[in-house]
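TrEMBL annotations:
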- 37-53: transmembrane segment (TRANSMEM)
- 73-98: transmembrane segment (TRANSMEM)
- 119-143: transmembrane segment (TRANSMEM)
- 149-171: transmembrane segment (TRANSMEM)
- 198-219: transmembrane segment (TRANSMEM)
- 239-258: transmembrane segment (TRANSMEM)
- 294-311: transmembrane segment (TRANSMEM)
- 323-343: transmembrane segment (TRANSMEM)
- 355-382: transmembrane segment (TRANSMEM)
Amino acid sequence: MLDPLRRRQQETGFQPYDDRLDTEHGKQKQTFGWQSLRLFTSALGGVVFGFAVEKSRVFEPSVIRDQMLFGRFVMMKVFLAASATSMFSFSILTMLPATSQLIASIRQARVCSLGSKGVLSSILGGAMLGTGMTLSGACPGMVLAQAGAGVSGAIYTLLGGFLGVACYGMMEPAIVRATKPDIPVEKHYLHQHVGGPYFTLAFPLVAVLGMVVFGLELYAPWTSEVPVAGKGILTSLSWPPYFAGIVIGLLQIPTVIMNCDTLGSSSSYCTIASQALQKVSPYLSRYSSGVDNWWQVFYVGGAVMGAYLSASSSGYLGHTAGVAPVLGCIGGALMLFGSRLAAGCTSGHGLSGMGLLSLLSLTAVPAMFAGGIATALVMNYYSDVDYAT
């Protein structure tokens, strides 16, 4: 008997990464040297990500919560700038003969990985992710930057994240039975419904997102939303959020070329958790080995280092307040459980999925913000409660 993932691979014609690498990526073999280069490049990309996230100040719990209450727009500027840059990068890579097949393989891989997911799981998972983000003041990728920058209580959010992944791993068979769509989705991408090549729709959307970021900056200049101190790109306390978003979005290019994959972070929790739970969770056992899984662990590990270097360079290491341990733990569990239910996090759906015009990502992201905003409104209503450490 074939497992569901392998059956879906055969139905869609999807090839595992090793095979795709031989046929579509310069016929390079999965040698030790090539694997090492992939992991090194992923770690380096993570350092850049962590540095940019720390400089944008979007990793601060107060910034994330204020965004959900529309008090500050730093998070939205970073998010939309990174999404637009991801979309632009994918468009260029799609148009280049040397990389067009890599993008095609990535699209097939997403179809394969989302085989048991539908609108229901995207909405429920996205809403849980957003709720967890507001409670913890983090997201699966941001909490690694928080750990590197010395944010108090970040360890509790991380522990909660692993708890959420473990719970989902144990419950995954039942969850799939309850949420799997009766009729499989035939067209997974927006441009397939509109017609025409991907980039003919992507380029106009890049312009629209860019104009939204420009409008937000006119309405709320970034210098009025975050502290500005220091000089130089390395030692300054803050970067313009749109600049940080562009830097993050450009990381899609080396990720596509080196890993035939797109940016994400929540799968790394599965890989780490699988080292202890793979024997009791068939779902987590899929993530236990192979460079295809471990590259993301190296990426988020690099994010910790990047945030540490950034905070140290500006003299702000350990100066950012976190959230109460209980809220961090509960929020971390919800956001990772939700990420696995929706098959993607703020990076996997928000940057990569939206960048590829995935319909399920375009469903999950609004649900994420809806869950986060609703939770923030409730917390604000009970504002007499002390949510900080």
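Residue numbers in this text run from 1 along the chain shown.
In case you wondered, yes, glycine gets a Cβ from its N, Cα and C as well.
The transmembrane segment (323-343) makes contact with the transmembrane segment (119-143), as judged by at least three Cβ pairs under 8 Å among residues 6 or more apart in sequence. For the transmembrane segment (119-143), the partner stretch with the most Cβ pairs below 8 Å, chosen from 37-53, 73-98, 355-382, is 355-382. Among the stretches 37-53, 294-311, 355-382, the one making the largest number of Cβ pairs under 8 Å with the transmembrane segment (239-258) is 37-53. With Cβ pairs under 8 Å as the measure, the transmembrane segment (37-53) is packed most heavily against 294-311, out of 73-98, 198-219, 294-311, 355-382.
For the transmembrane segment (198-219), the partner stretch with the most Cβ pairs below 8 Å, chosen from 73-98, 294-311, 355-382, is 73-98.
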